[in-house]
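Structure, as structure tokens:
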Amino acid sequence: MAFFTVALSLYYLLSRVSTQAPVVQNHSCNTADGGYQCFPNVSHVWGQYSPYFSIEQESAISEDVPHGCEVTFVQVLSRHGARYPTESKSKAYSGLIEAIQKNATSFWGQYAFLESYNYTLGADDLTIFGENQMVDSGAKFYRRYKNLARKNTPFIRASGSDRVVASAEKFINGFRKAQLHDHGSKRATPVVNVIIPEIDGFNNTLDHSTCVSFENDERADEIEANFTAIMGPPIRKRLENDLPGIKLTNENVIYLMDMCSFDTMARTAHGTELSPFCAIFTEKEWLQYDYLQSLSKYYGYGAGSPLGPAQGIGFTNELIARLTQSPVQDNTSTNHTLDSNPATFPLDRKLYADFSHDNSMISIFFAMGLYNGTQPLSMDSVESIQEMDGYAASWTVPFGARAYFELMQCEKKEPLVRVLVNDRVVPLHGCAVDKFGRCTLDDWVEGLNFARSGGNWKTCFTL
């Protein structure tokens, strides 16, 4: 942490001396295996707007397959790649920048770029950077599980959003590219086998929408607004002093911080140029921002929401079905028509890949109890990732996030389950976990009582 503090402080000192956006000369800091390691002192604290970066080094347990074991099954659950802002946010960002340009009477130092900044970001779709992320993800998946991928074609599903489907397709491109370089592979090119519509009334385990009480709950919005009201005023005052003539809200402050990530991800195909928006803010402010995003996800979709984990029950029960090769037992968000048909939900595959959104993935992780060690997050002060027991939006659901659910066969007869989130081994809960973070399959499934019992899903439809 001391190195982080010194490095980040140095970065901000230098960024305030120069008005030029930092640039790396090549994209060796952005690789398929390590993810986005460019400008890590800032890019790794953007919450869910961080691009995927491997956190293998943060794991107390090696991600390598233990000696004497082999992986016999893998399910990857992935978020889509980096995207442009949503349509509503894109309009808000553009309007804010126009207002600053209209009202500010001077632009100096790190703010000079704002005077002539032209907002050209699109809305909702993947950026080229995001497309490349998913190509890298597919290639990494093939190489990591080559022994299985050589002989098995993954069964692939995607939630129906354009950016999610496009992410699945780019993942396939990367998988196929690695496959073609492996002369030992004889399998056909994968395809997106199932696209689950994101429409009202259509059950979809990869996108929440059907739990009425959950969708109408505004508690997380209130918690986010309260924390923004704590961190926002000092930043707002400083920006208003530095840019005379402007008036900002606390929400405006967060929007300007959002632009750091979105502008960076849109500038180049590999993220080699850091947006000048980033240098407007300090180390402390970025840590507050990162925590704000984690807070929002925890109380919006995780254990901090009464019905957050319930949104992940359906997928959890689908994973149980795949691991045990038995019919899906679920009465929550699963689509019975799809899940009862071997053509749309086979149970005999060795490789599965599903593509989703950050919010749904948070719910799934908490439905599985992966972060049961995380205590309720403070609503008024920043906690470290260590204090949150490894939970953070940037560590769990960055753009291009991926969780690997592995089944291993070792010397003993009974298979073992292991879970990695962005390359970090997450020790399992609710079962007898070994030194490698694993539990036997039967023990882990038995420990998933919340999901197997349907949790509190029935309260979704109570007034």
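For all residues, glycine too, the Cβ spot is worked out from N, Cα and C.
Over in Swiss-Prot, the protein carries these features:
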- His80: active site, nucleophile (ACT_SITE)
- Gln48, Tyr49, Arg79, His80, Arg83, Thr86, Arg163, Asp207, Lys297, His357, Asp358: 1D-myo-inositol hexakisphosphate binding site (BINDING)
- Cys29-Cys38: disulfide bond (DISULFID)
- Cys69-Cys410: disulfide bond (DISULFID)
- Cys211-Cys460: disulfide bond (DISULFID)
- Cys260-Cys278: disulfide bond (DISULFID)
- Cys431-Cys439: disulfide bond (DISULFID)
- Asn26: N-linked glycosylation site (CARBOHYD)
- Asn41: N-linked glycosylation site (CARBOHYD)
- Asn103: N-linked glycosylation site (CARBOHYD)
- Asn118: N-linked glycosylation site (CARBOHYD)
- Asn203: N-linked glycosylation site (CARBOHYD)
- Asn226: N-linked glycosylation site (CARBOHYD)
- Asn331: N-linked glycosylation site (CARBOHYD)
- Asn335: N-linked glycosylation site (CARBOHYD)
- Asn372: N-linked glycosylation site (CARBOHYD)
- 1-19: signal peptide (SIGNAL)
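Swiss-Prot feature annotations superimposed on the structure.
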{"residue": "Cys29", "record": "disulfide bond", "Cβ neighbours (10 Å)": "19"}
{"residue": "Cys38", "record": "disulfide bond", "Cβ neighbours (10 Å)": "22"}
{"residue": "Arg79", "record": "1D-myo-inositol hexakisphosphate binding site", "Cβ neighbours (10 Å)": "29"}
{"residue": "His80", "record": "active site, nucleophile", "Cβ neighbours (10 Å)": "29"}
{"residue": "Arg163", "record": "1D-myo-inositol hexakisphosphate binding site", "Cβ neighbours (10 Å)": "23"}
{"residue": "Asn203", "record": "N-linked glycosylation site", "Cβ neighbours (10 Å)": "19"}
{"residue": "Cys260", "record": "disulfide bond", "Cβ neighbours (10 Å)": "25"}
{"residue": "Lys297", "record": "1D-myo-inositol hexakisphosphate binding site", "Cβ neighbours (10 Å)": "30"}
{"residue": "Asn335", "record": "N-linked glycosylation site", "Cβ neighbours (10 Å)": "21"}
{"residue": "Cys410", "record": "disulfide bond", "Cβ neighbours (10 Å)": "17"}
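The closest partner of Asn203 (N-linked glycosylation site) among the recorded positions, by CA position, is Arg79; the full candidate set was Arg79, Lys297, Asn372, Cys431. Secondary structure from DSSP puts Arg83 (1D-myo-inositol hexakisphosphate binding site) in a beta strand.
Here the Cβ of Cys460 (disulfide bond) has 18 other Cβ atoms within 10 Å, regardless of which shown protein chain they belong to. The two recorded residues Cys439 (disulfide bond) and Arg79 (1D-myo-inositol hexakisphosphate binding site) have their Cα atoms spaced 25 Å from each other. Considering only the residues assigned to 1D-myo-inositol hexakisphosphate binding, Gln48, Tyr49, Arg79, His80, Arg83, Thr86, Arg163, Asp207, Lys297, His357, Asp358, the longest pairwise Cα distance works out to 20 Å.
Neighbour counts of Cβ atoms within 10 Å were compared for the recorded positions Asn41, Gln48, Asn226, Asn331, Asn372, and the top value is held by Gln48. Ranking the binding-site residues Gln48, Arg79, Arg83, Arg163, Asp358 by the distance of their Cα atoms from the Cα of Cys410 (disulfide bond) places Arg79 first.
For Cys69 (disulfide bond), the same-chain residues that are 6 or more apart in sequence and have a Cβ closer than 8 Å to its Cβ are Met408, Gln409, Cys410, Leu416.
Distance noted between the C-alpha atoms of Arg163 (1D-myo-inositol hexakisphosphate binding site) and His80 (active site, nucleophile) is 7 Å. Counted within 10 Å of its Cβ, the other Cβ atoms near Asn118 (N-linked glycosylation site) come to 7, all protein chains included. Spatially close to Asp358 (1D-myo-inositol hexakisphosphate binding site) yet at least six residues away along the chain are Gln48, Arg79, Lys297, Ala393, Val397, Ala401, judged by Cβ distances under 8 angstroms.
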